[in-house]
Amino acid sequence: MSASPKNEMWVVFKRLMAYVVPMKAMFIMAVLGLITYGAVDAAFIAFIKPFIDEGFSQTPAIVAGVDLPTHGGFNANKDIMLMAPIAVILMFSLRGVANFVSTYCVSYMSAQLIMDMRQQVFEHYLRLPVSYIDRENSGNLISRVTFDTEQIARASGSALISIVRDSMTAIGMLGIMFYYSWKLSLCILVIGPIMGVVISVVSKRFRKVSKQIQSAMGGVTATTEQMIKGHKNVLVFGGQKTEVERFFQVNDRNRYQNMKLAVAQSISQPLIMVIGSFALAFVLYAATWDSMKTDLTAGTFAAILGAMLAMLQPIKNLTRVNAEFQRGIAACTTVFELLDTAPEPDNGVFSIDRVEGKLAFDNVTFAYPGQEKSALNGINFEVKPGKTVALVGRSGSGKSTIASLITRFYGDLSTGDIRLDDTSIYDYQLKSLRNQVALVSQQVTLFNDTIANNIAYAYPGEVTREQIVHAAELAYAMEFIDTLPEGLDTQVGENGVLLSGGQRQRIAIARAMLRDAPVLILDEATSALDTESEKAIQKGLDNLRHNRTSIVIAHRLSTIESADEILVIDQGKIVERGNHSELIAQAGIYANLYQMQFSQ
């Protein structure tokens, strides 16, 4: 049985408060400041009764049970009138100090909480399996770090201020009313449950709509990100109108969800005020009763009336901030669901500095998560240390899947095993396993940094300038790097947008060379190069593959003629195998592909 919404909210709130525990000193100071702020407001209203009853009367004044002395011709009511300005200045000075302390402490906690939560979400992304990232909307993933954490900050910040301060003020005002006339104040007990029902119903609505707003905001982020990444394609294919319409739809959906929240909020606040007005009207009416007149003085009535009026604003604030609080709770639920997602399994215990590089696939069958059809069926091959195996086949045949399984990017196999140096890759610690592999894929990823830092990214320790230059030379990247004004210190832009496709590919190859891993995966590593560059860099790749176990995925068959073994993959199965000469002699799929490429 699932937990009720109220219990779920309480569980989420307690988990959120766990982030505040390291800042308990700040939290205590903030609460004390908020309580003081509310108490001063209550004290100011409480001061109305003695000010009116005693300050304007001709009888000795008693304030806080103490007879005020008379002196120098000034009677008691004169002393009350002299005390009032001083009391007001002192109270509001204390109120100002309390407001500063509480606001600063809450702002500090909110900023720290949002930083800690964003850091935790970001780090958790790095531990999640590739399959999770594949199936999730990138806009939603980004929204978790940006939009959702902002909503949480509001719940922990402005909502906390209002809940503590306004609750304290409302309780203080209620206490004053019952202290001065419990009979006249009983009407509050009648409207209290009605207000509670309204707030409960509205809270559920706020929480539901808030989750819909988060989803809509994820759509806005995803659509914007997609347009920016495909900006050139949008322009060249004239897709501006399509993109504008697509963004309008997600943008309008986000507006609609926000309006649903605004409607609920705009209805709830006046409704609370109307309910409160009935209580106020009842007090005014009850004050005319003969039974009440004997207990009421002008000061008592003014204090009760002032307390009721002063209590309406905190109640209104609590209703208003309830929307922010529910949005924060909804965002917390989404973020905590993400943080509760199981990280990439890492049950291996075996660790090694460097393997020899013997790689074997033993009857491997694999299906992607959520897919019934197997991507690979009964794959068997072995690569001896320092040897090269090339994978050839149509797009979608399973070549990249084989490469992804070597690094354990995806979960367990359906059948079979993959061994590295006669040890199952699932027995290795993930970090140790991936330290043995260098990868150059057809989708080059460069970071918004210098060329030098992008090349050095894959190196596990400190790297010298000479090592970076040497790797770039082997990748034939120095040819274009030397022509740049800042050389290796040139900024490449986001994902290398300031470089050509071939230049980005060479930097990626230089990065793999610098890593110096015993196992090398080249997934269409020369696909973005022109013919002249391909011939030049092929020499560098031949040097890179020397004494390294290499898995080469290629469509250009000219780049794999020297491979020790070539596997032809079709529909997840190995349909042909052998070296270049043997496969040509077989006159099968490989021979046909080779003939087609070289006849063009």
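Using the three backbone atoms N, Cα and C, a Cβ is placed for every residue, glycine included.
When secondary structure is read from DSSP and collapsed to three states, S395 (ATP binding site) falls in the coil class. Feature annotation from Swiss-Prot assigns ATP binding site to G393, R394, S395, G396, S397, G398, K399, S400; the stated evidence is sequence analysis.
As annotated by Swiss-Prot, domain 'ABC transmembrane type-1' applies to 28-327.
Residues or ranges marked as domain 'ABC transporter' in Swiss-Prot (evidence: sequence analysis): 359-596. Per-residue pLDDT, averaged over the domain 'ABC transporter' (359-596), rounds to 88.
Feature annotation from Swiss-Prot assigns transmembrane segment to 28-48 (among others). Residues 84, 87-88, 91-92, 94-95, 98-103, 105-106, 109, 160-161, 164-169, 171-173, 175-176, 299, 302-303, 306-307, 310 of the same chain lie 6 or more positions beyond the ends of the transmembrane segment (28-48) yet place their CB under 8 Å from a CB of it.
Summarising the annotation, Swiss-Prot assigns transmembrane segment to 80-100 (among others) and lists sequence analysis as the type of evidence.
Summarising the annotation, Swiss-Prot assigns transmembrane segment to 182-202 (among others) and lists sequence analysis as the type of evidence.
Annotation comment: Swiss-Prot describes 267-287 (among others) as transmembrane segment.
Residues or ranges marked as transmembrane segment in Swiss-Prot: 295-315 (among others).
Comparing the binding-site residues S395, S397, S400 on other C-beta atoms within 10 angstroms of each C-beta gives the minimum for S395.
Every protein chain shown contributes to the tally, and the Cβ of G396 (ATP binding site) ends up with 12 other Cβ atoms within 10 Å. A simple way to gauge crowding: the CB of G393 (ATP binding site) has 23 other CB atoms within 10 angstroms, across all the protein chains here. In the three-state DSSP scheme, S400 (ATP binding site) falls into the helix class. What surrounds the ATP site, by Cβ distance within 8 Å of the Cβ centroid and not counting G393, R394, S395, G396, S397, G398, K399, S400, is the set T401, I569 from the same chain.
Taking the Cβ of G398 (ATP binding site) as reference, residues of its chain lying under 8 Å away and at least six apart in sequence are, in sequence order, A375, L376, I379, I569, Q571, G572, K573. Looking only at other Cβ atoms within 10 Å, the busiest spot among the binding-site residues R394, K399 turns out to be K399.
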